[in-house]
Amino acid sequence: MRTRHAVKEPAPDDGLDLPELAPPQWNRHGSTMLDSSWIRIARHMPSLLGRATTLAWRSGPGDVVATVLFNLGSGAATAWALVATTAVLTELFAEVPTPERMASALPSLLLLLAALVARGGCGALAGRAQARLEPKVVLTAERRLLRDATAVELRSFDDSDFHDHLFRSRTRGCDEAGALVRQSADVLTGLVGIVAAAGVLSALHPVLVPLLLLAMVPQWWGASASARMRYRMLLAFTEGHRRKYMLEQLMTSRDSAAEVRSFTMERRLLTEFDRVARRELDVHLGLATRQSMVRLAGDAAGGLVTAGVFAVLALLLTQGVVPIAVAGTAVVAVRVAQGALANALHAVTRVYESGLYFSDLVAFHRQARSLLPRPGLKPAPTGFERIELRDVTFGYPSGEGTALKDVTLTLHRGRTIALVGENGSGKSTLAKLLSGLYTPQKGVVLWDDTDLSEVDGVSLRERVSVIAQDHTHWPLTARGNTVMSSPNDAERLTRAATAAQADRVVARFEHGWETLLDKRFLHGVEPSGGQWQRLAAARSFYRGDDGDAVPLLIADEPTAAMDARAEHGFFASVHDHARRTGAAVVLITHRLASVRMADHIVVLERGRVIAQGTHDELMAGDGLYRELWELQASAYRAPSTPHPGRP
Ligand SMILES: Nc1ncnc2c1ncn2[C@@H]1O[C@H](COP(=O)(O)OP(=O)(O)OP(=O)(O)O)[C@@H](O)[C@H]1O
């Protein structure tokens, strides 16, 4: 019988029919820009220009001074050129024979030429200073972002708010800081041009200034319409672009290449791509028509108003209100001012837009400041005889409920403690608290009598060696991946590599320890999962092999990808490490056969310690540990069943 709500099975060449995407972080201010009025933009302008100046001053004060001075110089040269134009026209229209007119106009002509050269030179030098300033500003913003991102406490990365701010700042904030400064300088350039034209015209005849303002109205309208058009276009294209990007990634990336083929997804992906691309093309064509209509209307309005302004000038001329030379200069000034205004208006909208994205960066810095470790903490103790957790409770900022609840246990120097429990029971969280990456919300972690919440995190982490469950594949050589930030020592490297059996991995690399472990580099190689794990284990043995300086070694699922021989060797090395260095070792693993060797075993369930003791003690009871142990052991003890169909 058919169910009423049967799900339609896609045909193999149907697209993927992806649902609506969440709004992209990098374009989150697009709709704000679409709805912003000039009044709103003008209200924000002083503070944005102030911010741009401060930012620019911090990054390159010399270039800021040069930008301002050369822009002012360019404005002065524009005014000078307009005055010289009037003088040239006055001489040319004088009622004297032509050779005499030419001769007397020559000095003014030379002055005009000099003014134009000066204007061009100042413009070029201002442009150079601006071009130098932008990358410096971006660099300052990037450095500050990276400094804050690496300085904040680890828990910040579990906070989705912090993530959003960091992502937005990284993807657009820094570049927009540079754009904010560049566009602010463009606003200055445009304003200087307008002021120069208006100043000269008001000196020539006051009636010319309102005429100039009138001639600028179509520019204003054109700038508003084209800015709105631009944002509408960006918004309309965003969704399609992102879908196309996602599909392109799936079809071209190395990670998905094998599955695209194994599950024969090629046709469905291409069909979906075509569908999205066709929709995007339709939007594009529709917008192109509307854009040309707006441009046509803008040009027509601009032409009409400019013709009107010239008609008024002609009237003033015939009435004898302004002489012909002044009218000629006014025509030039109107063109200069219109050009400057168009540039300034475009720059103003971009300053506003960049300012919105830059505000994300400012918000990130503000948040990062509140997430820095407390200042004035004391250095970590050099060692301990025992580590004690008393009633420790911990919950992740973005997690639901608590990951650890009222955990109390003790670790001793030179002994191995194993944490066991089902997925999500809190083992890794407990390891992170022990390694000083997180601090509990309730209860204390003590190294002898020192409460770790009173200890500087960096100095504490220098005393702990960790093999993380999701260890990082560093884009470094095999040596770099093992030594990390410790001093390079050949004997120590050999010891660590032997303990983790990473020496056999390295022996197979053509360049030995100098082999780059990243395929993105020339001659780089990609180790297998198990080879990476051996290297990660060597990394922690290396760090731990530092006399008494590193008294705690934590291994979280260190052998999940290792073969049976490597796994056995690793656990033997861990116990040997504890005996040899006197360090306390915390071991997290689901392979209970390896746990048996631990001096003490702690069983966790839903964030609570439900049992602890030695293997024999726990096996004597009837709890979770015994149940899990029996399950694993029975898999090995089960008699082999013949394969159906085989004799
Ligand atoms: N970064 C995080 N943000 C929010 N919740 C988290 C985070 N990491 C872990 N948790 C939650 O904390 C609880 C304990 O997780 P934890 O990783 O400590 O378990 P585990 O015992 O190590 O599990 P596994 O055996 O699968 O590695 C789980 O409910 C998990 O969903």
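Just so it is clear, glycine is given a Cβ too, placed from its N, Cα and C backbone atoms.
The feature region 'Disordered' is assigned by TrEMBL to 1-22.
The compositional bias 'Basic and acidic residues' feature in TrEMBL is assigned to 1-11.
TrEMBL lists 65-353 with the feature domain 'ABC transmembrane type-1'.
Nonlocal intrachain contacts for the transmembrane segment (68-89), taken as residues 6+ away from its ends with a CB within less than 8 angstroms of a stretch CB, comprise 105, 108-109, 111-112, 115-116, 118-119, 122-123, 125-126, 129, 185, 188-189, 192-193, 195-197, 199-201, 204, 324-326, 328-329, 332-333, 336. Annotation source TrEMBL lists transmembrane segment at 68-89 (among others).
The transmembrane segment annotation in TrEMBL covers 109-127 (among others).
Annotation source TrEMBL lists transmembrane segment at 179-201 (among others).
Per TrEMBL, domain 'ABC transporter' is recorded for 387-631. The average pLDDT for the domain 'ABC transporter' (387-631) in the predicted structure is 91.
Remote same-chain partners of the transmembrane segment (109-127), defined as residues 6 or more beyond its termini with a Cβ less than 8 Å from a stretch Cβ, comprise 66-67, 70-71, 73-74, 77-78, 80-81, 84-85, 87-88, 185, 189.
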